[in-house]
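Here's what Swiss-Prot has on this protein:
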BINDING   45, 194  substrate binding site
BINDING   121, 167  ATP binding site
């Protein structure tokens, strides 16, 4: 039943072509824009503090990503986020590398405190550090660490009063009450930079068109993971360069039937 709903949301994204405003990092800007276009959304990358408030209020969703943060982008994120909050636009936050440095951790916590976030998406270490728990970080990627990811997602969602998606070998998304685990995707995603960042923006596209934000987030995770599996069938053995191309193709060609056939989502207690 839920896979049927997810397939319908995929169709709706393409029908409505939502505008997703990204204040993201320099490493992933091109990949993020092309990924959103391939899916059927409309990306805009606007960073200047003089215009971000106006852009955010007309967007379907606002995505904030601190991968290559600096003081100018932080200011722009706060301006855009407050504008989005005032106009009912969902704000999604990707706390890239939270825990790697005090600057990243403090910035992540500040954004989470000062803005009304609809979603936070990160790996387990990033999410843990946003709520003040220590998980081991290497660069901006989390090592395998102890702790129950489902419990962490629930706790973070309750503490931050938002929907939290923790992605890894198994993806988990929770609003603090309802929790889903998603068992799609492919390991080669970790060999292409920006796949997590694009995922947050894809979640923005789904959040823009769905009333039930938790299901919207789960839908994005399932669709993204299924597209990765389809791309990996064609290119995983060739390498990450070919996979990146096939992944964009898979996002573009993904169907509701693919979702029903390959989607693997569980509701957790």
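Backbone N, Cα and C atoms are what each Cβ position is placed from, and that goes for glycine too.
What you are looking at is a predicted structure, and each value in this text was computed from that prediction instead of being measured.
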Residue 167 (ATP binding site) and residue 45 (substrate binding site), distance between Cα atoms, whole Å:
24
Would you mind reading off the Cα separation of residue 167 (ATP binding site) from residue 194 (substrate binding site), to the nearest angstrom?
13
If you draw a 10 Å sphere around the Cβ of residue 121 (ATP binding site), how many other Cβ atoms fall inside it, taking every protein chain shown into account?
30
Residue 121 (ATP binding site) to residue 194 (substrate binding site), Cα to Cα, whole Å, comes out at 13
Residue 194 (substrate binding site) -> DSSP, reduced to three states, gives coil
What count of other C-beta atoms do you get within 10 angstroms of the C-beta of residue 45 (substrate binding site), across all chains shown?
14
Any same-chain residues 6+ apart from residue 194 (substrate binding site) with CB under 8 Å of its CB? Would you list them in sequence order, or say none?
27, 28, 31, 32
